[in-house]
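Everything on this sheet refers to the single structure shown next.
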Amino acid sequence: MGREGWSRVLSATGENRERSLQKFMTETLTQLGQMVGLPASPEVAVLETFDNPHPDRQYLVRFVAPEFTSLCPLTGQPDFAHLVLDYVPDQRLVESKSLKLFLGSFRNHGAFHENCTLTIAKRLEEAMNPTWLRLGGYWYPRGGLPIDVFYQSGEPPAGVWVPEQGVAPYRGRG
C-alpha cells in the first residue's frame, strides 16, 4: 500500500479507520501483531519500514534501548550497552517491533562494540534512507574501560529540535 493507501487510513473514521489500519498493517508489515521468534543473527533479521505519513514535515524520531546486549567475539562474555537512536525520516519510518527484534538478534552475536554500533546504524540507513541519523552506543565497562561509540550521518537538518541524548558519561563508583 503506497501513499494513497496511507492517506485513506488517515482520513477514515470509526470502524472504517480501524479496518483500514488493520488492512494496511497486514499488507505491509509481516512481524507486527504476529508471534515472531528472535532472529538467529543480525544478518537474517528483517527491518521493516512503512511510509512516512508526514513527509512534508521534518521531525525527529527517538528510540532508546537501555538493555542492549551482544557477546564479546573473543571471550563469549556478554557486553551491555544503552543505545539511543535519533533520526529524521524522509519517506520511510522503521517499524518498532522489527527494530526490537533486530536489536535482540545481537544477543548471541559476537562482535566488538564499534562493529555492533556501526552495523546497526548502517542497516537502519539502508532500510529507511533517513534525512539524518545519529546513534549513541554507551557501552558498559569490560576490562575496566567503558567504550562509547557515536555515529552521525552528517549535520542535523536546520530547524529540527534534536535534544541531547541524556546519557551521562560512565563514572563507576567515583
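Heads up, the Cβ atoms here are built off N, Cα and C, so glycines get one too.
According to Swiss-Prot, the active site, thioimide intermediate annotation covers Cys72, on the basis of sequence analysis. For Asp79, the entry in Swiss-Prot reads active site, proton donor, with the evidence type sequence analysis. As annotated by Swiss-Prot, substrate binding site applies to Val94, Glu95, Ser96, His113, Glu114, with the evidence given as sequence analysis.
Annotated features taken from Swiss-Prot, shown on the structure.
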{"residue": "Cys72", "record": "active site, thioimide intermediate", "Cβ within 10 Å": "15"}
{"residue": "Asp79", "record": "active site, proton donor", "Cβ within 10 Å": "22"}
{"residue": "Val94", "record": "substrate binding site", "Cβ within 10 Å": "22"}
{"residue": "Glu95", "record": "substrate binding site", "Cβ within 10 Å": "21"}
{"residue": "Ser96", "record": "substrate binding site", "Cβ within 10 Å": "12"}
{"residue": "His113", "record": "substrate binding site", "Cβ within 10 Å": "20"}
{"residue": "Glu114", "record": "substrate binding site", "Cβ within 10 Å": "13"}
Spatial neighbours of Asp79 (active site, proton donor), counting only the recorded positions Cys72, Val94, His113, Glu114 and Cα distances within 10 Å: Cys72, His113
From Val94, Glu95, Ser96, Glu114, the binding-site residues whose CA lies within 10 Å of that of Cys72 (active site, thioimide intermediate): none
DSSP three-state assignment (helix, strand or coil) for Glu95 (substrate binding site): coil
